[in-house]
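Peer 1: Dropping the structure in here first, questions after.
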Amino acid sequence: MDGTAESREGTQFGPYRLRRLVGRGGMGDVYEAEDTVRERIVALKLMSETLSSDPVFRTRMQREARTAGRLQEPHVVPIHDFGEIDGQLYVDMRLINGVDLAAMLRRQGPLAPPRAVAIVRQIGSALDAAHAAGATHRDVKPENILVSADDFAYLVDFGIASATTDEKLTQLGNTVGTLYYMAPERFSESHATYRADIYALTCVLYECLTGSPPYQGDQLSVMGAHINQAIPRPSTVRPGIPVAFDAVIARGMAKNPEDRYVTCGDLSAAAHAALATADQDRATDILRRSQVAKLPVPSTHPVSPGTRWPQPTPWAGGAPPWGPPSSPLPRSARQPWLWVGVAVAVVVALAGGLGIALAHPWRSSGPRTSAPPPPPPADAVELRVLNDGVFVGSSVAPTTIDIFNEPICPPCGSFIRSYASDIDTAVADKQLAVRYHLLNFLDDQSHSKNYSTRAVAASYCVAGQNDPKLYASFYSALFGSDFQPQENAASDRTDAELAHLAQTVGAEPTAISCIKSGADLGTAQTKATNASETLAGFNASGTPFVWDGSMVVNYQDPSWLARLIG
């Protein structure tokens with residue numbers, strides 16, 4: 001498959017009926033497809049024949065699709081499935097009605113600063129969640145950002161991300177990315193960290209503000225500019241952009257990764273602060289509008305050809321237009337991309353509290369007047385705090401398991417990083433319920449001598465939001481390879497770092513304050529002790545440990561979960 005390949009519209013690909021070609025790129029084609037087994041409409045990415053036959057890429061995609069599947073953040077496009085059919089690799093994603101940011105910029109020209117900041121804030125939230133899970137994206141660019149009609153933004157194409165927990169696959173790694181947005185260290189032998197994503201997102205912010213990437217020209221000149229050329233100042237390129245944005249761009253695009261912002265959240269907060277006061281309120285209004293838009297959930301049944309997905313409900317009180325006016329760029333012939341189901345993601349953001357925490361760090365310009373969400377169905381996945389852990393699952397799930405972990409325990413980290421995504425999927429599908437238990441018997445092995453107890457306490461602060469997906473996401477993030485402390489290490493994590501981790505997965509200010517205050521330390525000690533007693537009742541003392549209700553689970557067998565849920 002290449003750029004000149006014929007469309008496969010109307011053909012069958014395994015269980016998928018390819019309805020419409022909606023995108024074509026160097027890695028393959030994207031189709032609107034009907035999954036005839038699960039009876040749903042999806043976005044199906046078919047990788048090119050060249051990549052499908054490349055063993056290095058095959059290994060990369062298998063690893064990265066699993067990494068992407070672990071991310072439970074509303075601005076990350078969810079991956080349903082991935083695999084291979086007749087020698088061709090594919091990724092099955094949820095479908096969205098939206099247009100990519102590159103097409104938007106070509107059509108409309110530069111964005112008003114409040115809108116640019118609001119979109120970057122949402123993508124930064126997605127990236128921070130990925131970084132907390134041990135993944136980097138490596139190809140942040142406008143083409144990989146989808147924006148719905150109500151300005152809800154999504155980051156796509158985590159399939160070529162590089163999980164920092166995995167051994168590098170350098171044969172292909174040197175070619176991943178787009179020159180206009182690549183950090184200087186990507187062109188050298190230096191190890192590229194997650195801060196390369198922060199650099200790329202800053203380049204995207206610059207382009208949103210000015211209409212053009214920071215550096216332009218042929219490949220060699222763009223590479224050289226990223227490495228040696230002075231960082232451009234957006235205020236000198238487009239009249240009316242506040243001078244304060246110059247410092248934001250300068251830090252986000254610093255040549256030395258250590259001089260950049262620590263997180264994408266820091267970048268977006270600085271960008272918001274650079275706005276004029278009135279525009280800060282407009283940016284907050286745009287975020288509120290995107291998060292509270294109400295949409296019906298698309299039907300899971302096959303849709304007849306020509307049927308259109310529901311459009312986002314416009315927000316009644318749109319922000320005044322930003323000046324000065326600019327002439328839009330020539331209209332592109334490129335069609336909007338139909339992608340991941342915005343309706344489902346927005347509903348999740350509303351019901352689960354995983355959306356942007358508007359109360360922090362940005363001010364709101366007025367009270368929120370959205371109607372309360374409807375009550376969940378009786379069989380919905382729910383969260384219950386127990387005396388020795390936290391239950392997450394549906395009352396109709398046929399199997400309930402107990403999972404015991406210790407925040408410092410290295411094998412626990414490996415276990416969670418390997419199986420969290422599959423467990424979360426089984427819970428969401430109501431095939432499985434989980435009682436999560438966190439112990440603290442390695443406190444003495446931590447630098448602070450109480451890290452495990454503090455991590456357990458943080459988990460109960462997050463559980464207090466009564467959001468099952470949020471809790472599972474935070475539980476998994478505690479074991480991220482770039483977050484979990486090691487035994488007898490020279491340092492561990494502070495309460496502020498635990499609070500920031502909670503913020504990256506979508507925790508509300510009340511949970512963050514709870515973590516910083518240490519208010520739940522006593523509760524954590526009691527519940528960790530109770531969990532240890534429960535574990536002892538299974539004639540076990542070490543972690544990780546999994547109990548299926550009748551016997552010990554051999555999680556060393558990669559098929560253990562599939563066997564458990566049938």
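Glycine is no exception: its Cβ is also placed from the backbone N, Cα and C atoms.
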Peer 1: Out of Thr59, Thr284, Thr300, which one does Swiss-Prot list as phosphothreonine?
Peer 2: Thr59
Peer 1: Which residue, chosen from Thr50, Thr136, Thr164, Thr236, is annotated phosphothreonine in Swiss-Prot?
Peer 2: Thr50
Peer 1: In Swiss-Prot, which of these is labelled phosphothreonine: Thr11, Thr369?
Peer 2: Thr11
Peer 1: Of the residues Thr170, Thr307, which is given the phosphothreonine tag by Swiss-Prot?
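Peer 2: Checked Swiss-Prot: the phosphothreonine annotation sits on Thr170.
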Peer 1: Including all protein chains shown, what's the count of other C-beta atoms within 10 A of the C-beta of Gly28 (ATP binding site)?
Peer 2: 25
Peer 1: Specify the nearest of the recorded positions Ser7, Thr50, Asp139, Thr178 to Val30 (ATP binding site), where nearness means the distance between Cα atoms.
Peer 2: Ser7
Peer 1: Say you check the Cα of Thr11 (phosphothreonine) against those of the recorded positions Val22, Arg24, Asp139; which is nearest?
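Peer 2: Checking each of Val22, Arg24, Asp139 against Thr11 (phosphothreonine), the shortest Cα distance is to Val22.
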Peer 1: Taking Cα atoms as reference points, rank the recorded positions Ser7, Thr59, Asp139, Thr178 by distance from Gly28 (ATP binding site) and give the first.
Peer 2: Ser7
Peer 1: Whole-number Å only: compute the distance from the Cα of Val22 (ATP binding site) to the Cα of Ser7 (phosphoserine).
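Peer 2: Cα to Cα, Val22 (ATP binding site) and Ser7 (phosphoserine) are separated by 10 Å.
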Peer 1: What is the one among the modified residues Thr11, Thr50, Thr178 whose Cβ has the most other Cβ atoms less than or equal to 10 Å away?
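Peer 2: Answer returned by the neighbour count: Thr178.
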Peer 1: Reduce the DSSP letter at Thr11 (phosphothreonine) to three states and note it down.
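Peer 2: Once the DSSP labels are grouped into three classes, Thr11 (phosphothreonine) ends up as coil.
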Peer 1: Which of the listed binding-site residues (Arg24, Val30) has the least company, meaning the fewest other Cβ atoms within 10 Å of its Cβ?
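Peer 2: Fewest other Cβ atoms within 10 Å, among the binding-site residues Arg24, Val30, is found for Arg24.
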